[in-house]
């Protein structure tokens, strides 16, 4: 049962949050093993994971997180920057069982990828103040295409998680590369939107007085840029009531969370740390699914027929084959329906931009 909280004391909210967590225990996440809880199923798993772009701001932190995942037997770190060998040495000192290897440049990319179960791609240039994710297309589109061509050659059956922005376009780029190579499997390609979900949980918990954002669930659908990011506050669990002004303010803050970090860092970086944590959490969900754990749900940007957009983020069920089921949007509020309709032209255009990049229909 869910309690509706439009008012009441902080104590009452904490009690409801605690009760909800007890009645609806969450699945173990990467945070559990990172901070000392046992990894369910970890002892029987031995996955080979590659991080492409491991010397970058996201990549270094993500590599450290993945070294601590009990399901990882071998961690391969790739970058065009030679410092990635040092990153591999640094990460290898973490006292977990995963073996770490570093790979540098085009000549070593295929060796890095051969036999991988999961490939995570944070490679590319980061956002700077005044830039949108779409501004990154010119550089990152080519990087993602090149890396995915190598994946098609050397690990065509791997599950691939795309972080490189703009995700709304880079996931279609990856799909088109795999289609050209004859190895596309829509179940094994995901755009990582977990940070949008993390922000939604965090900001809702702050707004409603929950002590633990992990006890909050807020589905986030659409894409991974600006107004294409749509938190479904009407489906928040534990059930919460929001005023119209709260809905607008929370939605806007979640949509602009990346910009908030870029501006706070004053041009010295983007949301690298929270993105790495989000990517590690989603990677762990993928590995849990691949290892045969049941009931592993997470939001991701995937090929979809939920809307007229050929790629769309909703909750997906992760299993041994990757994405085994794509959920619908569920019931939407009037505000959410309007926002969904409004985002569609931009989302569809961003997808087509990625498709055209590979097919050669545009420069």
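Residue positions begin at 1 at the first shown residue.
Every residue, even glycine, has its Cβ placed from backbone N, Cα and C.
Since this is a predicted model, take the numbers as computed values, not measurements.
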Of 140, 212, residue recorded by TrEMBL at the NAD(+) site of 53, 54, 55, 56, 57, 58, 59, 79, 163, 164, 165, 275: 140
Lowest local Cβ density among 127, 199, which the record lists as binding-site residues, within 10 Å: 127
In three-state DSSP terms, the structure that residue 199 (substrate binding site) belongs to: helix
Other C-beta atoms that fall within 10 angstroms of the C-beta of residue 133 (substrate binding site): 24
Distance [Cα-Cα, Å, rounded] between residue 224 (active site, proton acceptor) and residue 164 (NAD(+) binding site): 11
